[in-house]
Amino acid sequence: MARKRQREEEGEPPATCVADVVTPLWTVPYDEQLDRKRLECEQVLQKLAKEIGNTNRALLPWLISQRHKHNKACCPLEGVRPSPQQTEYRNKCEFLVGIGVDGEDNTVGCRLGKYKGGTCAVAAPFDTVHIPEATKQVVKAFQEFIRSTPYSAYDPETYSGHWKQLTVRTSRRGQAMAIAYFHPQKLSPEELAGLKASLAQHFTAGPGKASGVTCLYFVKEGQRKTPSQEGLPLEHIAGDQYIHEDLLGLTFQISPHAFFQVNTPAAEVLYTVIQDWAQLDMESTVLDVCCGTGTIGLALARKVKRVVGIELCQEAVEDARVNANNNELSNVEFHCGRAEDLVPALVSKLASQKLVAILDPPRAGLHSKVILAIRRAENLKRLLYVSCNPRAAIGNFVDLCRAPSNRVKGTPFRPVKAVAVDLFPQTPHCEMLILFERVEHPNGTETLEPQDPPAQHSPGPPDDTQQESGSSPPS
């Protein structure tokens, strides 16, 4: 806040202000960015060491040795893998529509925060380093169109106005998806139909055609009852219904709401490490929890007996099934629903299989029911946890390792090694991968002392350090 006030008082140009908001490390040399992220991940592993010591005294001899060897951390951190691309890397960006810092209505960009008079000013994103040029061209074309309409930007304080948001998704194939969010207020169906036809014409045959949009959606969004946009009906108004991305030799179909890592080259680095660490063979069954469009599981499918994916978003599950078919992978299946509802039954069903789990949840982590089910699955010896906010997920890490109790059944896991992968250059965030393995006792029968059960861990609100407007790590 102090820095923001200083910016306002010193009258920094909007381009600098918006860069400071969405890419706080944009002036920091890249090597130093990686050092900061390494330090943050080391602190998480040091905190985890303390928590494991508090919740599983049977692991103390091992833990003391680990902390001595690894600078008070519970396991070694194998550095931070850099992103192959440090600028123009985001393949999904969300932009707000509002009054610009110059007072111009229907400005498309990033909100800087509250300004005097209670207005939420929006600054253009054209000088930010993490947004691809192709995306900026779509923003310019969309802004040009909405400024030509009689409809103003939506005001979240007075609930008046119409244009709300633009989401742009791009792929390395040169495809671009644009999703326009619009509050209809009291417009008639005929007026809305005319507006959608004009928007489609602008991008398919008008001045916006040069921006390269291959896929156009329109969303009527009234007063939102929940923070999620996934329940809003999307209307496809022009072009293809999907974009496609290539990753590790596979092709992926991506729907408007489906999760896909925002930095494709760095995602390839992350998934390659997962493949190396999972120690898979043709007897392995992979349980891919929060699988999105199936990227991780499908990348591993040819090396294993079977892949079972779980994902909450129906669109993403449909994409995952299409992706399996398009890549001629028949040993995969995908289930739609909450992980806490599906995992317990699935691990029971897979009790005879040689299970390896990959957990890649939203930033708040997984419900404790998922962790408890995994603990009970004694045939699951190896687990890889991917987190874009490891501090928020530390409750999950602790529950994997805590001593058995009346509520927590099954032998605990322990962290073996960790690595960070920089999927979000120019920001403080990165993905952290931790390999957990089931504790094996010399005689196979040692009983660990029962201790307190885990507190319920259910996904909480997003980390308030994450910024929207094309800057946040995944959602």
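Heads up, the Cβ atoms here are built off N, Cα and C, so glycines get one too.
The following features are taken from TrEMBL:
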BINDING   GLN261, GLU311, ASP360  S-adenosyl-L-methionine binding site
ACT_SITE  CYS388  active site, nucleophile
REGION    441-475  region 'Disordered'
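Using a 10 Å Cβ-Cβ cutoff, GLU311 (S-adenosyl-L-methionine binding site) registers 28 neighbours. Note: the CA-CA distance between CYS388 (active site, nucleophile) and ASP360 (S-adenosyl-L-methionine binding site) rounds to 9 Å.
Take the CB of ASP360 (S-adenosyl-L-methionine binding site) and look out to 10 A: across all protein chains shown you find 25 other CB atoms. Using a 10 Å Cβ-Cβ cutoff, GLN261 (S-adenosyl-L-methionine binding site) registers 27 neighbours.
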